[in-house]
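Straight from TrEMBL, the features:
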BINDING   H367, H371, E390  Zn(2+) binding site
ACT_SITE  E368  active site, proton acceptor
SITE      Y454  site 'Transition state stabilizer'
Amino acid sequence: MATMNVIFLFLMWTYASGLSSPPVTRNTIFGDEKQIGEIFENIDTVKDDADNYTLYRLPTTTRPKHYDILWTIDTYKRVFDGQVDIELYATQPNVSEIVIHAHEMNYSFVELKYNDAIISRQYSLLPEAQFMRIILQNSSMEYNASNPVVYVLSVGFNAALRKDMLGIYESWYRNPGGEEKWMATTQFQATAARKAFPCYDEPSFKATFNITIRRPTELKSWSLTRKLYTENATLAGYQNDVYSKTPVMSTYLLALIVADYDSITLPSNVSEQLHYEVIGRRSVLRSQGNYALYLGKNLTEVMGIHTGKDYFSLHENLKMTHAAIPDFDAGAMENFGLITYREAYLMYDTEHTNDYFKQIIAYILSHEIAHMWFGNWVTCDFWDSLWLNEGFARYYQYFLTHWVEGYMGLDSRFINEQLHTSLLADSSDTAHALTNPKVGSPSSIRGMFDTITYNKGASVIRMTEHLLGSEILEMGLQKYLADNAYKTARPIDLFEALQNVSLSTGAISQYRNFSFIEYYRSWTEQAGHPIVNVQVNHKTGDMVITQRRFNINTGFSRNNKQYVIPLSFTSADNIDFNNLKPSHIMRDGVIVINRGSVGNHWVIFNKQQTGFYRVNYDDYTWDLITAALRSSNRTLIHEYNRAQIVNDVFQFARSGIMSYNKAFNILSFLENETEYTPWVAAITGFNWLRNRFAGTNYLAPLEELITKWASTVMNQLTYYPRQNDTFMTSYLRYQLAPFMCRMNVRRCLDAAESQFRALVNNQTEVPVNSRNWVYCHALRLGSKADFDYLWQRFNTHNVYTEKILLLMTLGCTNDEESLNTLLNNIVEENFVIRKQDYTTAFNTLLNENYENVQIAFRFIQRNLTQVLKAFDGASPITNIASRLRSSQDINAFKSWASQNNNTLGNYYKGIVEQAQSTQSSLDWAVEVQDDIGQYLQEGDTEITTTTFAPPTTPQISTISPPPLVEPDSPNLPDSSVTTMISLSLIIITAIVHYLI
């Protein structure tokens, strides 16, 4: 009887107040979140090719077995040419056509041979699909299912070294006091191998490769495997470097480098054969390369133990080279045995590389090393399941690094940097599923390299780790790798390996008839994630829990889904945040769980936020949680769950599920909070609000409140480094101090000015972990002379991490002449600022000073054509549009865009839409300002609780709620420890009970 009363009251709450979505036209995703590098960067990009994706896929009627490739690299003329011989065979009878990829090269000959006899053929190019078609004119290919009949397709090719950091491309570098030098390097992922040689450029067409690099005698070359020998070439002034055969692998993992580079090496323990190597510019390698060399060795060894397969046992010819590349758009790339990195992401200088870049070096090493197993040894079958590569690499990016460099706190930082970001990116109805089968074109494939694939993929793996247990996950992954070694895999291969190990070890035996495969499918084949709504009857201990797909615009998605959710919870009467094994599995729309106690005890679901979902509670339970957070017992609630609460309530308020007045009442505990994860979550939430209210009367009181709440933690941190600071203490200061300076907190600005003047006047270096905010906010207060000082430092410094940090701060000045110097050097083709850094430099200018928006706009008005060319598009213009803060400025911007419609061309529509989105942001701020204003004026609401929760009277919404349609759900039996009732049965039972 009591349980059904709870259910009936909950259903009324569900329909009347809890789950009724705001109007579907509501939008909270604005232009500043859609810029390059931001969380919703690709939200307006079509993520699949609808019904045309197969047009871009190679036919499977032929397959490659082996390639012989000769590349001739001329770094002086900046061109390359070569020849590829592909051993291939038919996979079925009557094949008379061979289709491979070839794009944006010249082809000197195309020849097909069988047993050294030339086969009559003709070929054509299909540029849209990036295909080369070779048609046998008078015959079809021989076919033998058990003993494939091998043909050899030979193609000669040539092209200029590319300038877009794809395929084989040019890059320049300079040692101190020396002239600029040119080098050649590569980036083939995902669809650029076809721009370097004709090939089967899809992951599933694995083969072996013999590579010869012909390069100028005075330069060196590197490729994936150990070099067999060097010989004089038939071309005067050149030598051939001949490399040993590669493992069976995909084309996107090939790489080469030709440069006047040096190397530092470590031999193996048992031989002098090359194993570990770092290569780079001569002037930095020996002083900055050792951290990556030794850490890379440690990470590789630990990963080998974890996977049960030592790296060097993957193939006898492999070595491990880490290469520092000056120009590298991708950041880093897991080429099999020759991993390439931006120089700033590999080279570490103890005096001038701060902890931010040090941890980037560490975790990118981990990411790329993990790929040697997850991506290279076992490869996703196609880019539609890229998360099999990148989700695991992102997971190990944090946890492999944590195993080796535990002081960096990457287990904690995963919460803010991966889980929270992926929950947000996954919260729109246009988000794609992890497995997204309708991709095929290069553009749709590029769209898969996003926050969902990387961050959500890693977060779902972490959730699975806690569902199964770390040891069971490790065993299952070892089985998955061994079963699919040197092959490609589909998600089902992973699911089955994990399920088999889970069943054999009893890891999921407590969940009766639980299907691990259906669990994983619900998270990988469906987009989005749920919000778990918890309604507690404190008199009986019954908790009625529902799930709905979350939407950042409207609270609850109209496109509902149902997920198989591992549930964990703890309560104030029996606190246990450490046992992370889920107690229940939820698959239906509603589940009833008894808490095991009665009375006014708070309850927290999703312990340590191990699950990929948000949690909302009834009002009374939120009051209990708020009271606990405000009390001296605040830390009894785990730090990660305090961060979860901060992140959740910011998004609940943004989406309309919760009022800002209520959200701020919950967040008020931040005034006494001093831990890392809750405060980093708070910075993210507050920055979003500050961007919305910039230029309004509400910004000042909002920042006054934030400053007040942050005073405790900043008093503890101070604005100066201390000798006994831990890495995480320093890293929290690194993020909080610039946040405080942006709000013009006087103590912060004074500290920045003091430390900067010591540098300028006395050559006393700014502490390396304070430079990010000291440089920036000293420039905000400073003069042209201060900009000139740092501009000179940028131009002469030989540590690339310091140069990047300077580019991240030079735009903080508001001196127009100085900003024009910076902007001119961005858009001019020169040897000052690299193309890969244009966006970083330009965005700093806009983000750190609102008045700089108009300065940048004036520059673009004078140099429109040059800006469009430099950025290969209109991203700086849309970025300006997203940072306008008045209707007057927006209208003036739109008028300018209209007058320059012809020059803007295809970019015009997107530019105007961005301006309209900015107006929507202003309108949204007006809609919620009274809600926020109420808290800013009245402050905290006193929380009063009784022994038992008072009866809840549902507030009837004036908005008609959407129908609760039972969504598709995996067909899972009930958990042995959970009373699971279908939504329809609960509704019928509740109504009958009410009528009786």
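Just so it is clear, glycine is given a Cβ too, placed from its N, Cα and C backbone atoms.
Within 8 A of the CB centroid of the Zn(2+) site residues H367, H371, E390, the other residues of that chain are E334, E368, A370, F374, G375, N389, F392, A393, R394, Y396, Q397, Y454. Distance from the CA of Y454 (site 'Transition state stabilizer') to the CA of H371 (Zn(2+) binding site) is 13 Å. In this structure the alpha carbons, written CA, of H367 (Zn(2+) binding site) and Y454 (site 'Transition state stabilizer') are 11 Å apart. Cα of E368 (active site, proton acceptor) to Cα of E390 (Zn(2+) binding site): a span of 10 Å. A distance of 5 Å separates the Cα atom of E390 (Zn(2+) binding site) from that of Y454 (site 'Transition state stabilizer').
Highest Cβ count within 10 Å among the recorded positions E368, E390: E368.
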